[in-house]
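Here's the structure, in structure tokens; my notes come after.
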Amino acid sequence: PDFSLALDFRQPAEELLKNTRVRRVRLNGGRALSQFSELFGVKEQEEEEYAYLHDDHPGLIYIPAAFTPSAQRTLIKGCLKEYSRHPNKSNLDTHYKVPSSGLWDLHENVYLKKQSLEDPSVFVPRKADVDNQAHGYGSDDDDGDDDDGQDQDANGNRKKQENGPRPKPTPSPQQPAAKKPKPSAPPQRRAMVPITDETPTVPDNVPKIDPEPSSQVPILPPSQLIRKMRWITLGYQYHWPSKTYHFDQNAPFPKELCILSKAVVAAVDNSEGEEEEGGNFPYPYPAEDFVAEAGVINYYQLKDRLMGHVDRSELNKHAPLVSFSFGHSCIYLLGGPTREQSPTPILLQSGDILVMTGPCRSAFHGVPRIIEDTLPEYLKPDPANPEWDIYADYLAEARINLNIRQVYPPKSSTTSTSDPTTTTNPEVKVE
């Protein structure tokens, strides 16, 4: 496929700025990102860093290549291992009795041969088999129909399993044997269900009922089940059926992600335009008012896509939405407030940051394509760092997006004393 029409913010500035719709701004104070937070990593040559705006999409601010390779690896590990643990919820929690320590630890034990696939305890049981009254979180595409081609490569061939041929799992007494698999189907793209526009309201006196677990989902080895994980919700947990937040379910927000997202808001606040253009970023948001209250980690496999949608679940529509990309590149379509506006295709690459604020918060956007064979070399297996191999193995067919939001309005736009480690806003509830 030809992706040459996608806007590449990493091309040399002199080429990029030939596009008269693109403008460059200097980050707050002309400082390097590492001066806002060490979580960005320290680059070999610390220079002034820039972000880019697009006149067709007011409120968009794009920071290319924001992280060092080492900083990216650290955040990827967090997204796969640390942040996927309870009390954060995933789509798998709807149907499976996922260990509180998370699925990644189980996958790691098998990958490192600390546990064998002959051990029934490595297979996560179905929740419906354990407790028929259990409730969970899920999305419309978690309906137990898993013949989505994820076990095939781009040519329709079955993927090589890292732990040898797939054994037949031995059912435990409380787990009936899995049903005979359906005939194989041609590879299909899987549509991820986003936090969408037209969010319905749910009265306070009406309970938000969670989906019932299915007894039809397959029992899979950890290496396969981990690739069925679509998303993790951070902070305020999200009720997918009503597309609203569970205001009474607020998991502690990871401290480092609070610091990182606030650092991004501080970096873009008061960004300065080029001398010949003049003017600052027109939609500032004071960093002291920003509180990370909710987030979603989206895990894309190569055949996945995210349907076009608008994020309207937050009570605070003025706060920036901060989005981080890791792993394979993707095509990101950014439109306008209605579907009538033609979208701009953007090439999102590993280590890039996309910030949506002002009018851009009401823009339709989606991810129609993950681009194969675009994983950076520094995220591939490293003989000098064998500990990274399991993460490189996962990323060989994946992209990770981490996005962070503020749900509630700030306590005060002028006197806020929010600390970077703050996880909640007392009287407010968020995604």
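Quick reminder: no glycine exception, Cβ is built from N, Cα and C everywhere.
TrEMBL annotations:
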BINDING   His309, Asp311, His365  Fe cation binding site
COMPBIAS  139-151  compositional bias 'Acidic residues'
DOMAIN    290-408  domain 'Fe2OG dioxygenase'
REGION    123-219  region 'Disordered'
REGION    409-431  region 'Disordered'
Cβ contacts within 10 Å for His309 (Fe cation binding site), all chains included, total 16
Which value does the mean pLDDT take for the domain 'Fe2OG dioxygenase' (290-408) in this predicted structure?
-> 96
DSSP composition of the domain 'Fe2OG dioxygenase' (290-408), residue counts helix/strand/coil, works out to 18 helix, 49 strand, 52 coil
Within the chain of His365 (Fe cation binding site), which residues six or more apart in sequence place their C-beta under 8 angstroms from its C-beta?
-> Gly308, His309, Val310, Tyr332, Leu333, Leu334, Gly335, Pro343, Met356
